[in-house]
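Q: Could you have a look at this structure, given as structure tokens, before my questions?
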Amino acid sequence: MNILPKKSWHVRNKDNVARVRRDEAQAREEEKERERRVLLAQQEARTEFLRKKARHQNSLPELEAAEAGAPGSGPVDLFRELLEEGKGVIRGNKEYKEEKRQEKERQEKALGILTYLGQSAAEAQTQPPWYQLPPGRGGPPPGPAPDEKIKSRLDPLREMQKHLGKKRQHGGDEGSRSRKEKEGSEKQRPKEPPSLDQLRAERLRREAAERSRAEALLARVQGRALQEGQPEEDETDDRRRRYNSQFNPQLARRPRQQDPHLTH
């Protein structure tokens, strides 16, 4: 730590401190010079503006007199004389515009959109409505046809068919209801409880079936089927004992017996 102040790059070194102070003083001088130039430029610009303003005020009466004698300034219009005389003006086709107006008026009258003051909608239409037409002789009266619903409602044959359909539906519902009631009564009829002898026989049958299934499973695990009434004999010879297969007992096999004559 004592060597650190003697390094040339140390911030507290005398040379470095003097260099920093010299740079700061130079920066301050440059900033002052820049501000002086800005103020000088602003002063010159203001002086020039005031000079131009004074010249403009002195020459204003002369300009007003010159403008009074000269024509008005503006864009040059080469066709002003033609427009004043009415030449070169594009005019539309009056006949075509009149035909379009009449066609539009006819369509609006047919639709009932265009009506004049004091005119009804019926008068505005090109054809009077059907209720204002006189009835023709020997033909059907104008207007909509008689209501078909009223005729069908007053038809006696249709009424008879409707009553017959309701009767058949009612009879079918009664037949299905009677069958359902009969089946429900049979299902709800309580059954006779079994006797004790029947329950005991079923229990013994279940126990015998479970016992035989357990014996068959053990025999399959050990790799051989037990004969009924024959007790299982344990193999004492390790070389003849079956291979142990904990997870796949059906794949366990007995080792192959070797011929004693071939071994010697």
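Placed from the backbone N, Cα and C atoms, the Cβ positions cover glycine too.
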Q: Of Ser8, Ser59, Ser73, which does Swiss-Prot mark as phosphoserine?
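A: Of the listed residues, Swiss-Prot records phosphoserine for Ser59.
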Q: Which of the listed residues, Ser152, Ser195, Ser245, has Swiss-Prot annotated as phosphoserine?
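A: Per Swiss-Prot, phosphoserine applies to Ser245.
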Q: For the region 'Disordered' (1-37), what are the DSSP-based totals of helix, strand and coil residues?
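A: DSSP classes over the region 'Disordered' (1-37) add up to 27 helix, 0 strand, 10 coil.
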